[in-house]
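Structure, as structure tokens:
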């Protein structure tokens, strides 16, 4: 009856500089106006949210991991205690344009900010003031670094004029300009006190002697370099071609691979193997950042596509990969025998496979255009993708979790929009396309038998067994029946059709939807087909007579995907308005509406256990929903039992006349009527007023506040106003006005009490007048009666 979000995979990085803390456990990634802190091991996320809506332009974490400073477009600097998620202080950056770069010195006491206004400011973080304002750069200052030896008090910076400036902080002057690059300088690294390595987009790295301030070595690297990292002198880097002592560094840039260079010979001693053909121009794999984490012996790189990769520094073997940004999610499926992974098609030619336990992400290359749909075979190890490049690809997951492409097929004239796998065995797959055709592809035995599959070095080529023109418009969905004998298709032409699997002959047509059909699904238990359409309805059809059995209405927008859950007794549907709806087929009613996404939900899939659902939307979020029906039922049952026990206890207390406890229990159960009955019982006793005072005074402050809220309602009824007034009198008598003003809801309570109290007072006054009149009449009658008797006796 209900699902709850158990996990959310959302974009955590949208570009900018990434930083890893000293021990390598946490990673800091800017994402619009938030700064996300990711625990590297598990991928769990914590956000530092600014008050203002302005984007973060730069941030830095101090070397001792204690201070985090962010700078935003609002020209403010904020200091954070990031472990507690707390902003400690905010101050004006004094720059007249946003801050583009930040750096701490080695002691974590001085902070340098380089601005888009060509100035550099230095801040004393302990005394909290600006110590220097360095002018003289031209254009945006995009790089600032302190000399590691703080006794020298030197700052190095670079701006748009491609020069490296050295500033003496004693005199606040620029003491030298290192001129050697012909394009933007991208990183500055200190080898020791007197050697500096700089890298640039002019495809060279320069080693500078800081004593003579001369260029010692120029190393041509033949690609635009975004970052250079020096390899530590200690450590075994022989696997990276480091044979001799001397300076070696790693470069990362437009080619998307890491290379190791020896400074003495200016030679590349190691280059990462390239898994596919690289183009010369800046590809989507080019690396924008590279860092060394000495504590964990790791090199971290960040790519243009916002993927963050962790390599072993001594072998450059991939340890972990995180996807910082998923574009619009077009499809998502559970993967692996135990549904331990999910495979995601985003608005790109690459597939992403996430390991749910660690958030590790594999990126699968192969397609050349956007992937449109996915389907997984029953065992969960093989799956199929289809794309706009008119091709399909079959992928297999190995025991170690690595995924490789084992087959590919071409044949459609347009992009392939839908794919379905055979259900019983890994025998065949069905595709449909914008060319209005459906194709059935046989899967060769060499792919399904494990022994042969292990020998596959390059993908096999698949050929379509049958091709059939199915509809007059785009085919949006295709599915295979649980017994592998039937195929159903749904199209933009408002029709769903049933086909025989053996020869692709048409068996029947389902007509009834008013707009295009987005999804078709066979029931796992009945001879029933479910369809969903852009007309906002879901329909169930009988396969034998092609009649419409049921129609489910409730979505206000197109219904994009449907799946059967609860062993075929319920349907789960997703709409283009970001809502999920759970339907019970027997009663035709919507049991639950789940609101988690903000946009079209194109991906919807349940796991083999039928207790988890994964959804993917064009809002870039992937959500895992857990079936919480049992948990909620148990909670409700426990609450009910607790309620019954308390009610029994309450009746016992009333029977034993233990009024104080009874009052406390009735208040905790939130039972105004029971509290009123208890007060009435107290007032019925001899010395009732006195007992009531004693009991009310002994209540806690929160209980008195609750009674005050109750008596506002009692006071509106003339039957219960005496009890309400008795409690008000007690509170006014025993609580000082200052104390009463501290009560929550006192103001509205007094405002509600006054008019009704006045009305009761007027009613009592009229009653008193009436009783006075009756009394007067009675006295007169008595006098008259006495006189009459006297006359009689006389």
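Here the Cβ of each residue, glycine as well, is placed from N, Cα and C on the backbone.
Taken together, the residues of the domain 'U3 small nucleolar RNA-associated protein 13 C-terminal' (647-781) have an average pLDDT of 80. Annotated domain 'U3 small nucleolar RNA-associated protein 13 C-terminal' per TrEMBL: 647-781, in sequence order.
Beyond the ends of the repeat 'WD' (92-125), by six or more residues, the same chain brings 57-64, 66-67, 69, 71-73, 75-77, 79, 131-135, 137-146, 148-150, 155, 157, 159, 167, 169 to within a C-beta distance below 8 angstroms of the stretch. The repeat 'WD' annotation in TrEMBL covers 92-125 (among others).
The repeat 'WD' annotation in TrEMBL covers 134-177 (among others).
Per TrEMBL, repeat 'WD' is recorded for 178-218 (among others). In terms of DSSP secondary structure, the repeat 'WD' (178-218) contains 0 helix, 26 strand, 15 coil.
Under the heading repeat 'WD', TrEMBL lists 364-398 (among others).
According to DSSP, the secondary structure content of the repeat 'WD' (409-451) in residues is 6 helix, 20 strand, 17 coil. Annotation comment: TrEMBL describes 409-451 (among others) as repeat 'WD'.
Residues or ranges marked as repeat 'WD' in TrEMBL: 468-500 (among others). Here the repeat 'WD' (468-500) has Cβ contacts under 8 Å with residues 417-425, 427-428, 430-434, 436-440, 506-511, 513-522, 524, 529, 531, 533, 541, 543, 546 of the same chain, all six or more residues outside its ends.
The repeat 'WD' annotation in TrEMBL covers 510-551 (among others). Long-range contacts of the repeat 'WD' (510-551) within the same chain, counting only residues at least 6 positions beyond its ends with a Cβ under 8 Å from a Cβ of the stretch, are 473, 476-482, 486, 488-498, 557-564, 567-568, 571, 573, 575, 583, 585, 588.
Summarising the annotation, TrEMBL assigns repeat 'WD' to 552-593 (among others). If one looks beyond the repeat 'WD' (552-593) by at least 6 residues along the same chain, the residues whose Cβ comes under 8 Å of a Cβ in the stretch are 1-3, 515, 518-519, 521, 523-526, 530-540, 599-606, 610, 613, 615, 617, 619, 625.
Note on the repeat 'WD' (594-626): DSSP counts are 0 helix, 19 strand, 14 coil. Taken from TrEMBL, the feature repeat 'WD' covers 594-626 (among others).
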Where DSSP helix means H, G or I and strand means E or B, what are the helix, strand and coil counts for the repeat 'WD' (552-593)?
0 helix, 26 strand, 16 coil
Determine which residues of the chain contact the repeat 'WD' (409-451) at the Cβ level, with the cut-off under 8 Å and only residues 6 or more beyond its ends counted.
369, 372-379, 382-394, 396, 460-484, 487, 489, 491, 499, 501, 504
